[in-house]
Amino acid sequence: MTIIRKKHPLIKIINHSFIDLPAPSNISSWWNFGSLLGLCLIIQILTGLFLAMHYTSDTTTAFSSVAHICRDVNYGWLIRYMHANGASMFFICLFLHVGRGVYYGSYNMIETWNMGIVLLFAVMATAFMGYVLPWGQMSFWGATVITNLLSAIPYIGTTLVEWIWGGFSVDKATLTRFFAFHFILPFIITALVLVHLLFLHETGSNNPTGLNSDADKIPFHPYYTVKDFLGVLILLMAFMILTLFFPDILGDPDNYTPANPLNTPPHIKPEWYFLFAYAILRSIPNKLGGVLALILSILILALMPLLHTSKQRALTFRPITQTMYWILVADLLILTWIGGQPVEYPFIIIGQTASIAYFAIIVIFMPIAGMIENNILDLD
């Protein structure tokens with residue numbers, strides 16, 4: 001078996017990636033989220049595939065087909081709620097995975113990091129299009145508002161929006177193409193994940209100290225396969241508790257009302273995992289400025305390697321930057337809360353303050369904190 005594992009052209013790729021892979025001996029549970037994201041992707045593809053067997057991407061029947069899945073298809077309710085809440089679990093793992101990367105300075109592996117940012121955009125695009133498919137009120141109005149943002153692009157904006165819509169409003173053509181893209185994107189994401197792993201295995205994993213771990217490596221299997229399996233069990237337990245006991249807690253009640261272009265919901269808002277970006281978008285009174293801030297709120301992650309001023313890689317031994325980091329986390333939670341609130345006093349000013357703080361902490365305060373720590377430790 002050892003010979004096959006190491007010699008067979010296909011099996012040896014798996015061997016070098018998941019069995020004989022040299023891994024740092026001290027990586028903590030924060031390194032579990034990569035495998036958990038892989039699990040989330042598999043769950044989403046499988047549940048999505050079974051949903052697609054019963055779903056119809058037509059404006060007249062889309063809402064009814066989702067109701068039919070929940071009422072008449074064997075375990076259709078379970079598949080539908082696993083898919084909807086699977087997206088939430090996916091984003092929880094994504095945010096923790098990115099947060100880990102920022103905390104431990106994993107962004108210094110530039111190719112892996114940039115590939116991760118591309119993956120983040122791809123997953124966000126997929127989730128947005130998936131939210132449109134049930135064709136409820138929030139699906140329709142969310143699609144209208146977000147696609148309309150592209151009209152802020154000078155000169156080509158309006159043409160671009162109508163091209164994406166396939167008409168003069170969000171309608172049948174829009175729903176059909178969103179379904180097509182929502183179906184294909186997860187497979188593209190799977191391919192991108194392999195590239196992400198390819199880049200990671202070029203450098204090897206980072207570790208909680210931020211130091212080079214070449215002198216102290218252990219094989220991935222059995223140590224981290226067992227550790228990942230524990231993470232999988234915990235994730236699945238949390239996931240099934242959410243799905244079976246609180247399936248609608250993260251959804252919007254408006255989406256149980258069929259889409260009606262003549263009736264606007266009082267508060268149009270996206271799913272919870274987009275609220276922080278939505279709050280940043282809304283905090284700028286100018287449409288184009290808002291769109292740029294929205295894109296930059298994610299794209300700023302690509303600047304992380306350039307903004308790294310410290311001589312140390314991780315934040316493990318850097319209390320000043322640690323403080324900045326946790327203020328940033330709190331700020332993101334505030335933005336998430338504000339994104340779900342109506343546009344009125346005092347939420348407008350809180351959102352604007354939190355948006356400025358978000359960019360200021362990343363671009364100004366964390367780099368300055370890094371330099372201060374260098375001086376304290378005399379690391380010139």
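The backbone N, Cα and C atoms fix where each Cβ goes, and this holds for glycine too.
Annotation for His83 (heme b b562 binding site): same-chain Cβ neighbours under 8 Å, separated by at least 6 residues, are Gln44, Thr47, Gly48, Leu51. When secondary structure is read from DSSP and collapsed to three states, His83 (heme b b562 binding site) falls in the helix class. Annotation source Swiss-Prot lists heme b b562 binding site at His83, His182, citing similarity to another entry.
What Swiss-Prot records for His97, His196 is heme b b566 binding site, and it gives similarity to another entry as the kind of evidence. Less than 8 angstroms from the CB of His196 (heme b b566 binding site) sit Thr112, Met115, Gly116, Leu119, each of them six or more residues away in the same chain.
Around the Cβ of His201 (ubiquinone binding site), 14 further Cβ atoms fall within 10 Å across all displayed protein chains. For His201, the entry in Swiss-Prot reads ubiquinone binding site.
Long-range Cβ contacts of the transmembrane segment (33-53) within its own chain (Cβ-Cβ under 8 Å, at least 6 residues beyond either end) map to 69, 79-80, 82-83, 86-87, 89-90, 93-94, 96-97, 100, 130, 182-183, 186-187, 189-190, 193, 228, 231-232, 235-236, 239. Per Swiss-Prot, the feature transmembrane segment maps to 33-53 (among others).
Same-chain residues lying 6 or more positions outside the transmembrane segment (77-98) and placing a CB less than 8 Å from one of its CB atoms are 30, 33-34, 36-37, 40-41, 43-44, 47-48, 50-51, 66, 69-71, 116, 120, 123, 127, 130, 235, 238-239, 242-244, 247, 250-251, 271-273, 301. Per Swiss-Prot, transmembrane segment is recorded for 77-98 (among others).
Residues of the same chain lying 6 or more positions beyond the ends of the transmembrane segment (113-133) and with a Cβ under 8 Å from any Cβ of it are 48, 55, 57, 62, 66, 87, 90-91, 94, 97-98, 101, 106-107, 139-140, 142-143, 146, 174-175, 178-179, 181-182, 185-186, 188-189, 192-193, 195-196, 199, 270-271, 273-274, 298-299, 301-302, 304-305. What Swiss-Prot lists as transmembrane segment is 113-133 (among others).
What Swiss-Prot records for 178-198 (among others) is transmembrane segment.
Under the heading transmembrane segment, Swiss-Prot lists 226-246 (among others).
Among the features that Swiss-Prot reports, transmembrane segment is placed at 288-308 (among others), with the record citing similarity to another entry. Beyond its flanks by at least six residues, the transmembrane segment (288-308) meets 98, 102, 105, 107-108, 110, 113-114, 117, 120-121, 124, 149-150, 152-154, 276-278, 280-282, 355, 358-359, 362-363, 366-367, 370 of its own chain at Cβ-Cβ distances under 8 Å.
Taking Cβ pairs closer than 8 Å, the transmembrane segment (320-340) reaches residues 99, 102-103, 267, 269-270, 272, 274-280, 282, 310, 347, 350-351, 354-355, 357-358, 361-362, 365-366, 369-370, 372-373 in its own chain, all 6 or more past its ends. Positions annotated as transmembrane segment by Swiss-Prot: 320-340 (among others).
Counting same-chain residues at least six beyond the ends of the transmembrane segment (347-367), those with a Cβ under 8 angstroms from any Cβ of the stretch are 279-280, 282-284, 293, 296-297, 300, 303-304, 307-309, 321, 324-325, 327-328, 331-332, 334-335, 338-339, 341. The transmembrane segment feature in Swiss-Prot is assigned to 347-367 (among others); the stated evidence is similarity to another entry.
For the transmembrane segment (178-198), the residues of the chain that approach it from at least six positions outside its boundaries are 17, 37-38, 41, 44-45, 48, 52, 55, 57, 112, 115-116, 118-119, 122-123, 125-126, 129-130, 132-133, 143, judged by C-beta separation under 8 angstroms.
Looking at His201 (ubiquinone binding site) and His97 (heme b b566 binding site), their Cα atoms lie 17 Å from each other. Beyond the ends of the transmembrane segment (226-246), by six or more residues, the same chain brings 29, 32-33, 35-36, 39-40, 43, 78, 81-82, 85-86, 88-89, 93 to within a C-beta distance below 8 angstroms of the stretch. A C-beta separation below 8 Å, combined with a sequence spacing of at least six in one chain, links His97 (heme b b566 binding site) to Phe33, Gly34, Leu37, Gly116. Less than 8 angstroms from the CB of His182 (heme b b562 binding site) sit Gly48, Thr126, Met129, Gly130, Leu133, each of them six or more residues away in the same chain.
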